[in-house]
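Here is what TrEMBL records for this protein:
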type	residues	note
DOMAIN	20-96	domain 'ACT'
DOMAIN	100-448	domain 'Biopterin-dependent aromatic amino acid hydroxylase family profile'
BINDING	HIS281, HIS286, GLU326	Fe cation binding site
Amino acid sequence: MDNHKGESVNGSCSPAKVTTLILSLPDHVGGLAEVLNWLKEHHVGLSHIESRPSRKNVEEYEVLLDINPEQGSNLEVLLSALRTIATSVKVQGLPKATPLEKLGRDTSMDIAGIPWFPRHISDLDLSSNRVLMYGAELDADHPGFKDEIYRVRRKKFAEIAYNYKHGQPIPKIEYTAAEVETWGNIWRELHKLYPTHACKEYLQNFPLLVEHCGYRPDNIPQLDDISKYLTKKTGFQLRPVAGYLSSRDFLSGLAFRVFHCTQYIRHGADPFYSPEPDCCHELMGHMPLFLDKNFAEFSQEIGLASLGASDEEVQKLATCYFFTVEFGLCQQDGQMRVYGAGLLSSAGELKHALSDKAVIKPFEPEKTIEAECQVTQFQDQYFYSHSFDEAKEKLRAYAATIQRPFELRYDPFTQSVEVLYTPQRIASAVTDIKDQLNNVTNALKKLNLAARYPHF
């Protein structure tokens, strides 16, 4: 454990401006160093620091910090950063939370007890590293647990994700022959099933990835290439991540048209099973449907609905998302087809989901939220809709029931979300909608004119 009891760092601060923080940190080497790095990066001075074992959790310790933010530094942004590494952040001597009506578009902070949420796409830098499983820290039942080479490789992928910042190109990966072989084995097995199991939107878009993004059985595509093409098609982009994110952090990325995507591949010893997301799951399972504009917009709506929602509401929303986007079925041309990425990237479960052994129920969000999500085995049940659009509409309707004291609007020009809480801001949103309707109206007038005078 790091212990700096009573040590003075970075000089003294004016007593009148001192703010005291009490952090709860996991008891592992380097935890306190991360905190000090955040203070330095945000230009915050430190006058006093001490630590002690946690009284509530033997696997944590508490750190008391007396800090002195420099003029112009943003304390709220610092607190958001600290929450990515601390299980608890308590503040003493901090002014009351900014009232809702004073929030600016560029403010990312907690609002009167509402969970923190990003306000600009760059704020994802603060939440994208809060992974639940990553790098060399594999569970004992993971296929790669005893493979030291694989663990080292995973650690490298994790470091790339941790060092990534918004706006940077995604680093290219030189995949090993063994990794490409694993990818190829999965590719060939899945492509035997796609024609009879995948939904038509998936089948229409996969060839575009082959043509524009280097999708081949002998080549693992690069995230940067896919991200650029995806942005041109639907406005979405990819961001590297080291492993599992919490439901809240994953969904918040969707709100900004960002899909968190791993670069590592599952262990070759068991290519048709993975206890966690990997590039096979995300590139083969998710990417074809993210080229569909309606699906992309639907995904962003779910992300926006999660911002500022309670933990309970986020979990319910994530469960619906899980049983649709990850494991959803739909009826097309009288046949049951799959659009869930978790199924479309797992040959074994893809076969199972459309077999007589699978339990398939109609998708009704109010009932689906009670289902248990399985991560390391086949799902106990699957949910279908009569059409892909029906699933989207039901999930949208459910998302609209989430209770928040405000509504949000995404601004694609600034890549930020705006809180709609005053008549003035709502009026501004209405004006934007009117401008868009005027464009549509003018287009319709020109179509009518062209129909009346076809030779004009």
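Positions of Cβ are set from backbone N, Cα and C atoms, glycine also.
Where the annotation comes from TrEMBL, it is an automatic prediction and has not been curated.
Here the features listed in TrEMBL are placed on the structure.
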| residue | record | DSSP class |
| --- | --- | --- |
| HIS281 | Fe cation binding site | helix |
| HIS286 | Fe cation binding site | helix |
| GLU326 | Fe cation binding site | helix |
In all the protein chains shown, the tally of other Cβ atoms within 10 Å of the Cβ of HIS281 (Fe cation binding site) is 22
Summarise the model's confidence over the domain 'Biopterin-dependent aromatic amino acid hydroxylase family profile' (100-448) as a mean pLDDT value. 88
Residues that sit under 8 angstroms from HIS286 (Fe cation binding site) by C-beta distance, when 6+ apart in the chain: PHE259, CYS261, VAL325, ALA341
Around the C-beta of GLU326 (Fe cation binding site), how many further C-beta atoms are within 10 angstroms, looking at every protein chain? 21
Remaining residues near the recorded Fe cation site, that is with C-beta within 8 Å of the centroid of the site residues HIS281, HIS286, GLU326: PRO277, GLU282, GLY285, VAL325, GLY340, ALA341, GLY342, LEU344, SER345
Secondary structure content of the domain 'ACT' (20-96), with strand meaning DSSP E or B: 19 helix, 32 strand, 26 coil
